[in-house]
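Undergrad: Just dropping this structure here.
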Amino acid sequence: LHHQKSSLQVVHKHGPCSPLHLDRAKTPPTHAETFFQDEGRVRYIQSRLANKSGSKADVKVTDVANLPAKDGRVVGSGNYIVTVGIGTPKKQLSLIFDTGSDITWTQCEPCLGYCYQQRDAKFDPSVSSTYSNVSCNSVQCISLLSATGYLPLCSLSTCVYRTQYGDSSFSTGFFAKERLTLTPLDVFDNFLFGCGQNNQGLFGGAAGLLGLGRDQLSLPSQTARKYNKIFSYCLPSSSSSIGFLTLGKCRRYGSNSVKFTPLSTSIQDSSFYGLDITGISVGGKRLSISASVFTTAGAIIDSGTVITRLPPDAYAALRSEFRQRMRRYRMGRELSILDTCYDFSKYKSVNIPKISFFFRGGVKLTIPLVGTLYVANVSQVCLAFAANSDASDIAIFGNTQQKTLQVIYDGAGGRVGFGTKGCY
């Protein structure tokens with residue numbers, strides 16, 4: 001079966017390739033601001049997972065659409081953006097894509113409440129021939145509760161959605177159906193999305209959000225007939241590089257370089273993709289971390305959390321071994337949540353030990369160097385991992401550690417795969 005392959009790009013919001021430059025004078029967030037926003041997202045995810053359960057469903061056919069991915073640095077500050085078409089005639093909109101949320105939304109005219117500044121012109125449903133509101137008493141309206149965590153509201157028999165993110169950013173507006181164009185060959189009618197009338201927060205010029213979670217209202221679920229809940233992405237190594245977001249299965253998954261681990265059954269929330277971490281190694285040495293350290297909390301993979309969060313005992317073992325192997329280098333100042341930093345200004349070359357994660361099914365994933373260290377500047381280069389405050393808090397495999405990897409989400413197959421050198 002031949003799958004067509006069409007690509008959507010993924011770029012860094014503050015990089016030269018980004019369409020989101022509202023104003024060249026605007027400075028990107030500082031490292032400290034980035035981590036402050038990241039903490040907000042992490043706390044939100046952890047509180048959601050502390051009290052929720054959900055379900056999942058499957059279909060059989062597959063197909064492909066490909067979008068380039070761009071680093072967005074917004075909503076939890078570490079997100080990536082892609083451009084899709086909404087409406088007829090289609091309007092191109094740059095949206096943050098997020099594996100930790102489900103509902104797709106964009107800011108809509110007439111902005112009855114408030115709209116933040118965005119780079120694209122706002123979507124105007126009155127000029128689209130394919131737009132229709134969803135009614136309050138429809139099944140789709142009721143399904144918003146599991147997708148957003150909030151009961152829908154009603155305005156003159158039109159369904160009203162509400163969704164909020166970890167950094168207190170939020171969107172609320174009309175729940176509607178519209179034509180979604182991913183590529184000229186990949187067009188979906190009656191796509192359910194939010195037409196935002198009151199939107200505030202750290203969306204950084206993006207027109208809204210593309211939900212890639214596991215709930216029935218997410219993009220993978222709504223396009224499951226064509227793509228069978230399969231998508232993959234590669235997050236670029238720097239703000240001047242381009243990655244991709246591909247919906248559907250493409251041939252290169254067949255290569256032996258991709259290793260799959262089953263989605264964790266311990267994560268009951270219907271939005272998140274759970275992983276079972278079984279161990280960590282530093283410089284080829286497996287750390288002695290009791291298996292219960294990882295099973296107590298469980299873990300998810302998230303495209304929107306910047307820095308990987310580990311159970312306190314796992315992080316302590318990782319930090320100790322990493323520091324031991326880096327002891328010939330001069331330590332630098334701590335950077336917010338990152339407590340193991342080095343000053344490399346006096347060295348011509350440095351030798352960094354490789355960090356590998358082990359997942360259920362015998363999968364070993366060696367983290368690329370670009371995902372091991374967070375570089376503020378040459379005199380502040382930090383180990384890009386942090387500890388959770390409590391052993392029971394969910395671990396999160398964040399996007400810094402995913403850079404340049406091809407990460408494949410197979411929702412129907414119940415697994416996540418990792419391939420090396422997906423992009424640069």
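Glycine is treated like the rest: Cβ placed from N, Cα and C.
Straight from TrEMBL, here's the annotation block:
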ACT_SITE  D98  active site
ACT_SITE  D302  active site
DOMAIN    80-419  domain 'Peptidase A1'
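Could you tell me the structural context for the features on the list?
TA: Other C-beta atoms found within 10 angstroms of the C-beta of D302 (active site) number 28, with every protein chain shown included.
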Undergrad: Across the domain 'Peptidase A1' (80-419), what does the pLDDT come to on average, as a whole number?
TA: 93
Undergrad: Compute the C-alpha separation of D98 (active site) from D302 (active site), stating it in Å without decimals.
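TA: The Cα atom of D98 (active site) is 8 Å away from the Cα atom of D302 (active site).
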Undergrad: D98 (active site) has how many other Cβ neighbours within 10 Å of its own Cβ?
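TA: Neighbour count, Cβ to Cβ under the 10 Å cut-off: 25.
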